[in-house]
Structure formats: C-alpha cells, structure tokens
Amino acid sequence: MVCSLGIEGSANKIGVGIIRDGEVLANVRRTYITPPGEGFLPNATAKHHREVILALVQESLKEAKIKPSDLDVICYTKGPGMAPPLLVGAIVARTLSLLWEKPLLGVNHCIGHIEMGRHITGAQNPIILYVSGGNTQVIAYSNKKYRIFGETIDIAVGNCLDRFARILKLPNDPSPGYNIEQMAKEGTNYINLPYVVKGMDVSFSGILSHIEALADPTKNPNKRKKTLEADASVAKPADLCFSLQETIFAMLVEITERAMAHCGSNEVLIVGGVGCNERLQKMMGIMCEERGGKLFAIDERYCIDNGLMIAHAGAEMFKSGSRMPFEESFVTQRYRTDEVLVTWRDD
Amino acid sequence: MPPVAVKPCESTLRLPFETPRLAEIAYRVLSVDKEPRRNFVQKTLNLERDVLVVHFCADQVKNLRTAISSFFEALLLCQDTIKQFGDPTSAEPEAPQQDNAGAQSGSDSA
C-alpha cells in the first residue's frame with residue numbers, strides 16, 4: 001500500500017493531491033489569475049504560489065483525513081516548467097520530506113498527466129495527445145519510454161489560445177481557453193487560417209500572428225499584410241474564435257490519427273489543460289469512431305494541472321523501486337517526456 | 001551619468017535556528033539549488049550547530065543583492081513550512097484541535 005502526497009506548481013496553477021493505492025483522497029488547487037489582456041509572469045506566479053501553498057497542504061491533509069505519518073512518499077514536479085514557481089513546490093516538498101522523515105521523489109510533469117489519464121480512464125496502451133499551455137505532444141509508449149511521435153515546433157497550442165484571448169481581452173477566469181471555447185459556440189462563419197502540419201509536427205506561431213492581424217489590423221506593423229484589412233472589418237471575434245479552434249484542433253486530430261496508424265493503436269487519450277475543451281474532444285471522438293477506435297477523455301479536475309497526478313505518478317515510481325537522493329531534488333525548466341525510464345510498466 | 005561601479009564583493013549571513021535539527025533541515029533544503037550560471041555569484045552554505053552560515057561572492061553589488069533576495073525568498077518559505085508543519089513529535093499534541101477545525105471546514109466544502 002502506497003500513500004503519496006504530490007505538489008504541482010510548474011505554471012499558474014498550484015495544487016496538492018493525496019492518493020492511496022489508486023484511491024483519490026484529496027485534490028486541491030488554486031489558480032493565479034491575471035487581469036484580462038495580461039499573461040502570468042514567473043516571479044509574480046511564484047509569489048502567488050508561496051502565499052497559498054501551505055494552506056493547500058493543510059487543506060489536502062484534512063480532506064484526506066490522514067496524518068503526515070500515514071504518508072509513504074512525498075512527490076513534487078521536477079519539470080518542465082517555469083523555474084520560480086517550480087522552486088516553490090520543490091522547497092516545500094523538501095522541507096516536508098525532512099520534517100516528516102519521508103522519502104522525496106521528483107516527477108516529470110508530462111508523465112504525471114499521462115499516468116493520471118491512464119489511471120482515471122483505464123486506458124491500457126493509448127496514443128496520448130498531451131495539449132496544454134506549455135506543451136503539445138503526441139506520445140506513444142514503447143520499450144520503457146513514452147516516445148514523442150510529434151510535437152509543436154514553436155509555441156504550445158494552449159499558448160496560442162491564451163495569447164489570442166489576450167488580444168480579444170477575454171478574461172483569464174476560469175481560464176482563457178474556456179472563454180474562447182464559449183465564444184466559439186456563437187461563431188458561424190469559418191475564416192480561412194493557415195494550416196501548419198509538418199510531417200508529424202505542428203506549428204502555431206504563424207497562425208497566431210495571422211489571426212492577431214485579423215483581430216486588430218491597426219496593431220500590425222507588417223505592411224505586406226495590408227490586404228487583410230478588408231476581411232478584418234467583417235471578422236467578428238466569435239467567428240475568429242470558432243475558426244481558430246476548428247483549424248488548430250483539426251491539425252491535432254490529423255497528427256494523432258497518423259500516430260494511431262503508425263502504432264496500430266485504436267485508443268486515444270487526451271490529457272493536459274486544453275484536453276478539457278469539449279470541441280477538441282468531439283472532433284477527436286469523430287475521428288476515433290470513423291477508425292473504429294476509442295477515445296478516452298477526462299474532466300478539468302484531472303486534465304488541468306493538479307497535485308494528484310504528481311502524487312499518482314510518484315506512487316507508481318515509488319512502487320517500482322524508484323528512489324531519489326535528497327541532493328538531487330532540484331528543479332529543471334527543460335525535462336522531456338522521453339527522458340524518463342518507465343520502470344512501472346511491464347508491457 | 002556617474003560610472004557604474006563594477007567591483008567584486010561578498011557578504012556573509014549568519015542565521016540562527018531554534019534547534020540544530022531545524023538548522024540542518026534548512027541547510028539541506030537550501031543547499032540543493034545552485035545559483036544560475038549567468039549571475040556570477042558563488043553561494044556556499046555551512047552549518048555551525050544551530051547556525052546556518054551563508055557566504056556569497058559576486059562580481060558586482062547588483063548581482064549580490066539579487067542572489068541574497070532570492071535566497072531569502074526560499075529561506076522564508078522553508079521557515080514557514082517548518083513553523084506550520086513542525087516536527088512530527090511536537091505536532092502530535094496539537095493534532096486533535098486541528099482535526100476538529102478540519103472536520104468543520106471539511107463538511108462545509110462537502
């Protein structure tokens with residue numbers, strides 16, 4: 001029996017989760033929300049996390065109705081992510097580990113998402129589409145590693161959505177992506193946008209520049225794009241949101257389908273913050289149905305960054321014998337999914 | 001504009017703790033993170049029983065100040081964690097009180 005506490009704080013969410021033998025005992029989270037039109041900066045985000053993290057740890061222990069002595073391992077997000085917020089989680093995890101005399105484990109954020117998704121949905125060996133504000137990857141498991149089949153070559157899909165929401169001054173509460181999704185429901189006219197799939201990889205920065213110019217032609221210093229202004233006068237924000245979602249999600253569905261064909265897999269699992277977008281889930285569902293496959297998707301409690309996924313992935317690592325010397329409990333901004341040896345899977 | 005003085009400088013902090021154990025916890029927690037390579041600051045931590053001694057060497061005053069202020073952010077977080085979650089032995093007697101408060105707020109959120 002392994003009882004594990006996980007702390008996640010790689011971006012603007014800070015979360016603490018507790019899991020015991022696969023049973024969810026607690027999963028609490030706070031989000032640092034900036035005013036409309038503004039993104040979150042590393043140091044301000046870390047300050048927010050410092051202010052709430054201890055209350056969250058307390059809250060999770062109460063919700064789980066356990067004492068610190070009931071825990072077997074303490075887990076934290078080692079990376080990838082922004083260094084200052086990551087460090088907040090790491091310092092608290094280290095201190096608790098020494099205070100309570102429990103082993104400490106650093107967990108890869110992406111692996112946390114994958115394992116949480118597999119655990120909640122029961123998917124055995126799916127193609128994984130990991131889409132969030134910082135990452136966009138199509139992943140398949142093979143030979144003790146989660147291999148990256150395709151990924152973004154510039155910004156993440158969630159970053160593209162967040163930044164477009166900023167242009168439209170949509171609120172960041174509960175999340176910019178959610179507000180784009182709601183606005184897109186009112187869109188009816190599809191506006192042509194660049195469609196950028198390069199082999200198994202995707203690119204979003206060009207699409208973002210293009211749609212930014214459509215949304216606000218006055219801010220565009222690029223004289224070559226002047227021809228766009230004619231379209232821009234008729235482009236409604238709702239239509240732009242709708243067209244942006246349709247275009248970028250179609251790109252994601254395309255590379256996911258190709259990964260399924262490569263691997264002969266008929267399961268797809270969507271994880272990461274953008275994964276709770278119902279339009280993306282619907283488009284992916286249609287593709288899976290046409291191929292006779294099955295789609296696994298999860299709701300925002302487990303999709304959006306949370307402490308529970310770190311606790312769960314850490315527990316799996318701990319059970320399979322992974323240990324980490326205390327001196328190695330640093331954080332790292334770059335930490336690829338395929339760097340982690342998957343010791344807890346035997347297939 | 002006056003010329004900006006760029007000169008090597010150093011600083012030593014001596015931070016006393018309630019017990020040698022707590023000083024050691026802070027020492028181990030804060031020793032893990034290395035200074036970023038590009039800020040030209042060298043930080044060395046030492047433990048003298050219940051006193052944590054931190055020595056900074058920097059190429060210029062500005063970088064020294066940045067390093068010290070980010071060190072304090074980490075130190076304060078570590079201290080607050082110790083204060084709130086104490087060591088298990090001293091935390092046990094307080095536990096029943098906290099459990100009562102927990103039961104209340106727990107039922108509120110449920």
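Along the chain as shown, the residues are counted starting at 1.
Cβ coordinates come from backbone N, Cα and C, glycine included.
Note: TrEMBL annotation is automatic and uncurated.
Given the structure is predicted, the values throughout are model-derived calculations rather than measurements.
Among the features that TrEMBL reports, divalent metal cation binding site is placed at A:HIS109, A:HIS113, A:TYR130, A:ASP305. Look at TrEMBL and you will find A:TYR130, A:VAL131, A:SER132, A:GLY133, A:GLY134, A:ASP162, A:GLY177, A:GLU181, A:ASN277 tagged as substrate binding site. Residues or ranges marked as domain 'Gcp-like' in TrEMBL: A:24-311.
Annotated features, which come from TrEMBL, shown on the structure.
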| residue | record | contacts (Cβ under 8 Å, 6+ apart) |
| --- | --- | --- |
| A:HIS109 | divalent metal cation binding site | A:GLU8, A:SER10, A:THR77, A:LYS78, A:GLY79, A:PRO80, A:GLY81, A:ASP305, A:ILE310, A:TYR335 |
| A:HIS113 | divalent metal cation binding site | A:TYR130, A:SER132, A:VAL271, A:GLY272, A:MET309 |
| A:GLY134 | substrate binding site | A:SER10, A:ALA11, A:PRO80, A:GLY81, A:ALA156, A:GLY158, A:ASN159 |
| A:GLY177 | substrate binding site | A:GLY158, A:LEU161, A:ASP162, A:ALA165, A:GLY273, A:VAL274, A:ASN277 |
Task: Mapped DSSP class for A:ASN277 (substrate binding site), helix or strand or coil - done: coil
TODO: Specify the secondary structure state of A:TYR130 (divalent metal cation binding site) as given by DSSP, simplified to three classes.
DONE: strand
Open item on the list: I'd like to know the mean pLDDT over the domain 'Gcp-like' (A:24-311).
Closed with: 95
- [ ] Count the other Cβ atoms sitting within 10 Å of the Cβ of A:ASP305 (divalent metal cation binding site), across every protein chain shown.
- [x] 27
TODO: Determine which residues of this chain, when A:HIS109, A:HIS113, A:TYR130, A:ASP305 are set aside, have a Cβ within 8 Å of the centroid of the divalent metal cation site's Cβ atoms, and list them as they appear in the sequence.
DONE: A:SER10, A:CYS110, A:GLY112, A:ILE114, A:SER132, A:ASN135, A:VAL271, A:GLY272, A:GLY273, A:MET309
